[in-house]
Amino acid sequence: MLSLFDTFNARRQENITKSAGGAIIPGQKNTVSIFALGPTITDDNEKMTLALLFLSHSLDNEKQHAQRAGFLVSLLSMAYANPELYLTTNGSNADVKYVIYMIEKDLKRQKYGGFVVKTREMIYEKTTEWIFGSDLDYDQETMLQNGRNNSTIEDLVHTFGYPSCLGALIIQIWIVLVKAITSISGLRKGFFTRLEAFRQDGTVQAGLVLSGDTVDQIGSIMRSQQSLVTLMVETLITMNTSRNDLTTIEKNIQIVGNYIRDAGLASFFNTIRYGIETRMAALTLSTLRPDINRLKALMELYLSKGPRAPFICILRDPIHGEFAPGNYPAIWSYAMGVAVVQNRAMQQYVTGRSYLDIDMFQLGQAVARDAEAQMSSTLEDELGVTHEAKESLKRHIRNINSSETSFHKPTGGSAIEMAIDEEPEQFEHRADQEQDGEPQSSIIQYAWAEGNRSDDRTEQATESDNIKTEQQNIRDRLNKRLNDKKKQGSQPSTNPTNRTNQDEIDDLFNAFGSN
């Protein structure tokens, strides 16, 4: 029988890893032009002007996405003293072939400020005109926030220096990557949220903040050009973080890289954190056993990917779909139940998925609130916890959890409607059990965390009483004012202002009825 189980496990492993084989046939590649600055360009203002020009070309809708991505690569490579070496190290890709052109400054030429595109000694006039003579939709005024009110490039470079200004542009492109692939709808919001930290520490100057439309355009390029994303991921992988001479730009790239790592795998790692690593007794349930075995196989697959494992979703690795929580719904539902109890921030996590197992979700919450389940016997022995301290800790946990005897609802998605539709039946079922004297389920005895209905009725009654009291106060004030008017004289006043006040009093008095 045990050998049969081993066979099943081997079949599951093969189904996940999908053993490779067959011949390697090269595919078609796009030829993409990359532009690097030559040694004749030494002025910092000119370098920054070219950086903004590359960004403008990347936003030009008249160009193909592959070439627009090439201009972004040109901008990213400006962070390095040797762009050719950077592209040789990180630019190997199955989709594109990079061709590097140099931009030089020829003092004998007056057109386009003396800039010229060349390779070795060959000058490309048409390419020069294509880059420097094009009418672009985006310029400094449109691709940067409040461009017309920003300082000039010369002012920014003079104040902050060229490396700092260039780094401000490059780091924003990296921030776009955080959400560009895994969360399209939250791209703009996520970008400005993460950008705020870099604005506060002075990394990104206010005059160089990208506009929201620019962020969306760059995100669109990243989604359509996997070669650009691959280059950026390879940059993170090959960057030697143990070096002592990392530039400021490289350090900031590493900071953003922490957000990019494991992007799209939050459900997988939250399941392991709250479902497996908590090591509660519920893991012994046979219902969870298949999903636990699948998690084990997935973790082995993840580790087999080596340094590229944290980026399987960003790189759109064919196996990244195996890590979706729909492939292990029972243990995921249980883990989310534990999570919403142990970590309040997880109560905002979208758990209302179509594959959510409500029973497992409730079980996770019930187990997480249980004082005995929260204590590890292994750690008790290791730490030398006395019996009295253990009982005291249990008592404290019970006191804390005594006010939380209701289940948290799943948030977002179709499971909310499903839970609400089932709720009246659950209440009715509990009422029948109480009448028949039958024992209640340890799971169903919890209500959804929305407050008792009696509390709602009490709030409504209190609100109604407050309204009646306020109405009575208004009546009393109106009566008092009316009596004062009568005492002043029995004849009605001919003053228009007094007449208006009297009409207003009469209308208000009639609106609330007679006393």
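A Cβ is built for glycine as well, from the same backbone N, Cα and C atoms used for every other residue.
Site annotation (Swiss-Prot, ligand RNA) includes LYS179, LYS189, ARG194, TYR349, ARG353; from TYR112, TYR124, TYR259, TYR274, the additional listed residue is TYR259. In three-state terms derived from DSSP, TYR259 (RNA binding site) belongs to a helical segment. Of all Cβ atoms in the protein chains displayed, 12 besides its own lie within 10 Å of the Cβ of LYS189 (RNA binding site). Take the CB of TYR349 (RNA binding site) and look out to 10 A: across all protein chains shown you find 17 other CB atoms. Of all Cβ atoms in the protein chains displayed, 20 besides its own lie within 10 Å of the Cβ of ARG353 (RNA binding site). As a whole-number mean, the pLDDT of the region 'Ncore' (1-403) in this prediction is 86.
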